[in-house]
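K.L.:
As listed in Swiss-Prot for this protein:
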type: ACT_SITE; residues: 461; note: active site, charge relay system
type: ACT_SITE; residues: 489; note: active site, charge relay system
type: ACT_SITE; residues: 551; note: active site, charge relay system
type: COILED; residues: 104-142; note: coiled coil
type: COILED; residues: 587-620; note: coiled coil
type: COMPBIAS; residues: 922-935; note: compositional bias 'Low complexity'
type: MOD_RES; residues: 693; note: O-(5'-phospho-RNA)-tyrosine
């Protein structure tokens, strides 16, 4: 029968080619058009199975074969479908491990492609939004009016020039004469020479008399520094030469005038203030008082300074009266404005009166300037109440923060010692297990999870509506299924079979919420925080500044036991939902027995209520109605008993059906326990108290350490281990249990199973056959041990000696040794063992003398041999437990090595190859070269 080409739904299906090729050849166009909706570009497995194994079939059609397709569907399920001739019918899924692995990878790749597509669409949308925003930004910038360059009016320029001219006129501050002649120059030169000579004479006299004062030393140092750091021909000397004609106020007023004209928002008011302060002579004393003034009080001050230029007494009188008049005439103002105006008038009065006093006494207002600055600093110091003050710009933005506390820069260890004090508390260590954490990745975002038992626990809002989520653990990605989500914000995921965490967290049996520890992975870094917690019903709150991605993290106590699952983040405090052991499993429906018990209680309650009503209220009813409605107590009890009897009978039948295989064995005479010490005699006795068990749990010990401690405590309580006879096996007595009590045995009868005891080969005749035996091939001789036989044994030997001699005479005959064919599986090196040497009876005392005296085991040899046996046993047990048999060759190697060191036969023997050479095979080509002959 000719078949068509194999059918492949896609290129991946052709590349993988899972299943039977013959089944693919059976595909017809009708079958192809009716195929289920498998995942696009995914492989399928085709099977050609007997019809009777799938559908109920009788007759010849039982052995007909049908095509079965297995693959992944678009809805995310895995299924198998068989074609019954009309359509594809779903059957129980056939597990193809390679197909399932491939579908898992394809599903993950499709999910990543979908996420990539959504990310690209989102990126394109965001890029378009950015372009729109850029265009809108450019359009709005064009709509903003550009500030015009500031124009300075000519009148202010002229006023500034006048002030500059006034400040630069030396005037009365010059120190040079106007009329200079040759005589005046000669007089000045002579005067300078005379002063210089006088200073030199005074200096020499002081040096001679040693009468040098501190002022003389300071003058000398100043001259040295002047000539050392400033050369004689330098531009600084020229600048200072011309500056000394002016006072500090002239220079300062010149700078202020230029700055006011260029940058001031009110140049007129500022220039008028500079001019009046210069004309009145108050000068620098005016500047510290300007912050206390308002616009009105500033013009009052300027007016009084102009008045002072003409009549100082009138100006002083008006300045003193100004605050009094202001208090009276400005009382209609608002409080804030009223206070500001009065403060400015008081500052004006202080300036005019104090300036006049300073000018009269000292001729300058420098002292008043210093006093006003000192008052301002004291006022600022009284404002510094907080630990720091903030400096803001015009928009209210904080540009700097200055601490008010005075910091000792040089000797600050005294302050630190005083602040630190003495430690009165000790912080405890907490147990954390980073290996029990993982990252939960969903299309909506990422969260944290932890391993507990066979589940992965996380927050329910992290999982969302997803049925499968990705679990990232130690750089690998796994897919886990959501198993159960209780009413709390908790989700339980089934741990994948190929995921083996290094640690797992356990629930706390005695929860302590006073101090909690939160640990999670944030940006692939482990973060841990400890804080005090408060309980609010089923939730916890703690002052921890948690971050996004920590939802689902475990909240543990100091022993590393889980208390709750992290849930919320408010920026300052974190919240968690408390987890209980009952949350791990869904609430089970009540069993049939419980339902019956509830029904009985309900019927009893109804019966009691009916009885009470019957005793309190009695009404006349017809006899027919009474016959229909009256129910006695006995009837209700009988109904309940009947229902309970039926249900209990059903329950007993089910239990008997389950226990039927175990009830067939009858009780008989057994020998269980014979030949060994009884075990578990202390079973049922508590070896650990409740306090000891709780203490071990609170220490957070792992399973191995916990078991070691229990074994140690049991050993101390018992005093000695249980003894077990190694030569006794329960399998030897299995046949006794099949015999009933009604069977009688004849214990004197000897049953022969045709299993004769082998007779050891005679050792004396061997010496006649082989007169010169080799030393290595001699059998082991136990004659070194002194013979100690009882009287009974000697009598038995004497009685059997004649029979033995007759048997030896019949057996001992010279037999010519013949060659025996080699065994198919035998050792190919060393001498053949003498098998007769192994055929002898020996007891425990004989075993001590098997080896010759020089080769007997010492205590050290026993220790070394015991360590090797323990090592081999550990390797084998570890391989069996972990199902990793790659270490077994190491055990075989150690066994061969020990046998080689002891001179014994190795565990592995080379087997002679059964491959025989062909009949005409001449062997390998000779490489020795041609033969050379000599003549």
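Placed from the backbone N, Cα and C atoms, the Cβ positions cover glycine too.
Help me see these features in their spatial surroundings.
P.N.:
Counting only same-chain residues six or more apart in sequence, the Cβ atoms lying under 8 angstroms from the Cβ of residue 461 (active site, charge relay system) belong to 489, 551, 567.
In the three-state DSSP assignment, the secondary structure recorded for residue 551 (active site, charge relay system) is coil.
Only residues 6 or more beyond the boundaries of the coiled coil (104-142), in the same chain, are considered here, and those with a CB under 8 A from a CB of the stretch are 12, 39, 41-42, 72, 76, 443, 470, 477, 479.
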K.L.:
Reduce the DSSP letter at residue 489 (active site, charge relay system) to three states and note it down.
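P.N.:
Reduced to three states, the DSSP call for residue 489 (active site, charge relay system) is coil.
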K.L.:
Across all the protein chains here, work out how many other Cβ atoms are within 10 Å of the Cβ of residue 489 (active site, charge relay system).
P.N.:
22
K.L.:
Take every residue in the coiled coil (104-142), average their pLDDT values, and give the whole-number result.
P.N.:
90
K.L.:
Including all protein chains displayed, how many Cβ atoms other than that of residue 551 (active site, charge relay system) lie within 10 Å of its Cβ?
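P.N.:
Excluding its own Cβ, residue 551 (active site, charge relay system) sees 25 Cβ atoms within 10 Å.
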